[in-house]
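According to TrEMBL, the protein has these features:
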DOMAIN    A:5-255  domain 'Endonuclease/exonuclease/phosphatase'
BINDING   A:N8, A:E35, A:D151, A:N153, A:D254, A:H255  Mg(2+) binding site
ACT_SITE  A:Y109  active site
ACT_SITE  A:D151  active site, proton donor/acceptor
SITE      A:N153  site 'Transition state stabilizer'
SITE      A:D225  site 'Important for catalytic activity'
SITE      A:H255  site 'Interaction with DNA substrate'
ACT_SITE  A:H255  active site, proton acceptor
Amino acid sequence: MIKIASWNINSVRLRMPIVERFLKEQAPDVLSLQEIKTVEELFPYDAFNALGYTHHAVHGQKGYHGVATVSRIPLKEISRHNWQDNGEARHVGVELLGAGQGMVLENVYIPAGGDIPDREQNVKFGQKLDFLERMTRWADTVDRPTMIVGDFNIAPLESDVWGHKQLLKVVSHTPLEVETLKRFQDAHGFVDVGRQHIRDPERYYSWWSYRSKDWRVNDRGRRLDHMWASPELAAATVGHQVFEDCRGWEKPSDHVPLVTEIDL
DNA sequence: ATGGCTCATGCTATGAGA
């Protein structure tokens, strides 16, 4: 059994107290983080080592973005895809050497895409779509059991957002983004493990804006974070949880962690 | 109610997030 977690942490250095609490309480074998917002030299390696997470693959950047995967089981970094095509640190891929016959874990932070859902008026929206197109070409070449996790910045289903009609023209839930994400999914046949276990139309969110006065009462959430897997790997998953309580912890991230358990 | 807040940088304001 292997337990894998994914969390957009919105500054790993500021968030170490709640990361440590989560690791102690849930004890995943592997944790993929997005938006670490630091260079590799300043990553808090010692704090992770002290909790037994002694294997690391860190792709950092000063101030923005950045991803890292830390693990209690051996891993080997195998890739840092430049899907943004401008050098931003938004991906790190590892092979988990201690997981059954071995599996690949891809950790990705897809760009948010700015405000206006039109690539003619908003360069960032075009970059987001282009990022997904590059991911799709990569997915077509995936030929071994792979899990891809992270902040996809797209909530594809109606039950993934607090208000479907209200958000149809809001970046993260536009039909164009949902279609583009679907092409990526179909290029390999990735299974949406979150929705395999928490079935549509059950409410499932992973992000709540900092601007809401009371995120739990207003509950204007979106499912921006995902854990997807190759069909054979998805068939071996035995559990999936979303830890909404972490949104209410001291100095929280605006995203909450997801966990998938796989019987390998 | 597309921003009501929160980050990093470090210019005690600005850009970015989604």
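If you go along the chain as it appears here, the first residue is 1 and each next one adds 1.
Cβ atoms here come from the backbone N, Cα and C positions, even for glycine.
TrEMBL does not curate its annotations; it predicts them automatically.
On the backbone, the CA of A:H255 (Mg(2+) binding site) and the CA of A:D225 (site 'Important for catalytic activity') stand 8 Å apart.
For the pair A:D225 (site 'Important for catalytic activity') and A:D254 (Mg(2+) binding site), the Cα-Cα distance reads 11 Å. Sorted by the number of other CB atoms within 10 A, the recorded positions A:D151, A:D225, A:D254 start with A:D254, the lowest.
Put simply, the residue listed as 'active site' is 8 Å from A:N153 (Mg(2+) binding site) when counted between their Cα atoms. A distance of 5 Å separates the Cα atom of A:D151 (Mg(2+) binding site) from that of A:Y109 (active site). Taking Cβ-Cβ distances under 8 Å and a sequence gap of 6 or more within the same chain, the neighbours of A:E35 (Mg(2+) binding site) are A:N8, A:I9, A:N10, A:S11, A:H65, A:G66, A:V67, A:Y109, A:D151. The record gives A:N8, A:E35, A:D151, A:N153, A:D254, A:H255 for Mg(2+). Within 8 Å of the mean position of their Cβ atoms, the other Cβ atoms in that chain belong to A:N10, A:Q34, A:Y109, A:W207, A:L224, A:D225, A:S253. Secondary structure at A:N8 (Mg(2+) binding site), as computed by DSSP, is strand.
Averaged across the domain 'Endonuclease/exonuclease/phosphatase' (A:5-255), the predicted model reaches a pLDDT of 96.
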